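Per Swiss-Prot, the feature signal peptide maps to 1-18; the stated evidence is experimental evidence. Summarising the annotation, Swiss-Prot assigns sulfotyrosine to Y20, Y23, Y34. Residues or ranges marked as domain 'LRRNT' in Swiss-Prot: 32-70. For 71-92, the entry in Swiss-Prot reads repeat 'LRR 1'. The annotation N-linked glycosylation site is assigned in Swiss-Prot to N92, N131, N164, N256 on the grounds of sequence analysis. Per Swiss-Prot, the feature repeat 'LRR 2' maps to 95-118. Taken from Swiss-Prot, the feature repeat 'LRR 3' covers 121-141. Marked as repeat 'LRR 4' by Swiss-Prot: 142-163. Residues or ranges marked as repeat 'LRR 5' by Swiss-Prot: 164-185. Here Swiss-Prot flags 189-209 as repeat 'LRR 6'. Per Swiss-Prot, the feature repeat 'LRR 7' maps to 210-231. Annotation source Swiss-Prot lists repeat 'LRR 8' at 234-254. As annotated by Swiss-Prot, repeat 'LRR 9' applies to 259-280. Under the heading repeat 'LRR 10', Swiss-Prot lists 281-300. Residues or ranges marked as disulfide bond in Swiss-Prot (evidence: similarity to another entry): C299-C332. The phosphoserine annotation in Swiss-Prot covers S308. The repeat 'LRR 11' annotation in Swiss-Prot covers 309-330.
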Amino acid sequence: MNLGVFPLLLALIGGASSTYPDYYEYYDFPQALYGRSSPNCAPECNCPESYPSAMYCDELKLKSVPMVPPGIKYLYLRNNQIDHIDDKAFENVTDLQWLILDHNLLENSKIKGKVFSKLKQLKKLHINYNNLTESVGPLPKSLVDLQLTNNKISKLGSFDGLVNLTFIHLQHNQLKEDAVSAALKGLKSLEYLDLSFNQMTKLPSGLPVSLLTLYLDNNKISNIPDEYFKRFSALQYLRLSHNELADSGVPGNSFNVSSLLELDLSYNKLKSIPTVNENLENYYLEVNELEKFDVKSFCKILGPLSYSKIKHLRLDGNHITQTSLPPDMYECLRVANEITVN
């Protein structure tokens, strides 16, 4: 166990110790293999002969979607000036699987008709860093991964029927809890949901119980309903850092979820350590107002087979010091690799 005193280096804290799963590990991205282009390609774009089903049209100052020839399955249109999508933009490529439109000028009113729902094989749709004010749709049932980050979204349309939708990225928007609650109820395959950097003051109701990863950091959440997380029987990774959580808004067993492996409550207003299940492995509580270390927050009882599985614990930026830690902490946290205190 490495128990030490660390200065509060904010630039270093922002994720240095985190073991959150890398979202991009879930996908094997086709890489941009620029070189000689396939003849079956839009003249302004690049379709590598070694990867003829991919068309790269990044950073070309395009104002509209170019002609997309049949056979293209992976289409990259990043960092352009595209401000509209016509209804027939993809009629030659109904087997398109990935459509990447990040860093353009798209608005909802200029995305015509059922341009996306016609793509019956589409699995990945990214429209990050655009000018959307609501989610796009209708969308095809084949969709697995939807990314709409860094827009101005305050309204979510219906996601009904999207039985394969597994990943949703909605961070850095203008969403409030009611907009989220109404939209996501029926997504039975959803495992990954990022709602960080929005405008929520409460936890949204009706989130799918299938979630494995839920990010709600950087909102204005101050209260957790009693047993809110109990129904998420598969939840493993939960972020609630940079909110307004205080002891009065956190019921005693809020985070006592047996499936939970990682919990981030850093940068809140907590004075006592919320109780967690013995299975939790990584717990981030830095920069709160914690006054003492209570072993019972980690171990209800102590014994040869009764101990916490905590590996990494962050307590720096609180009122807890190394000398104030109780002796039985070491027995409770016997498998910890790192405990960071002031």
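Every residue number used here counts from 1 along the chain in the order it is shown.
Every residue, even glycine, has its Cβ placed from backbone N, Cα and C.
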Distance check against C332 (disulfide bond) for the recorded positions N92, N131, N164, S308, keeping those with Cα within 10 Å: S308
Local Cβ density at N256 (N-linked glycosylation site) - other Cβ atoms counted within 10 Å: 19
N164 (N-linked glycosylation site) and N92 (N-linked glycosylation site), distance between Cα atoms, whole Å: 24
Listed glycosylation sites among N131, N164, N256 whose Cα sits within 10 Å of the residue listed as 'phosphoserine': none
Stretch in 71-92, 142-163, 210-231, 259-280 most in contact with the repeat 'LRR 11' (309-330), if contact is a CB pair under 8 A: 259-280
Where N92 (N-linked glycosylation site) sits in the secondary structure, as DSSP reduces it to three classes: coil
Residue pair C299 (disulfide bond), N256 (N-linked glycosylation site) - Cα distance, angstrom, rounded: 11
Pairwise CA distance, N256 (N-linked glycosylation site) versus N164 (N-linked glycosylation site), rounded so that it is a whole Å: 29
Greatest C-beta neighbour count within 10 angstroms, which of the recorded positions N92, N164, S308: S308
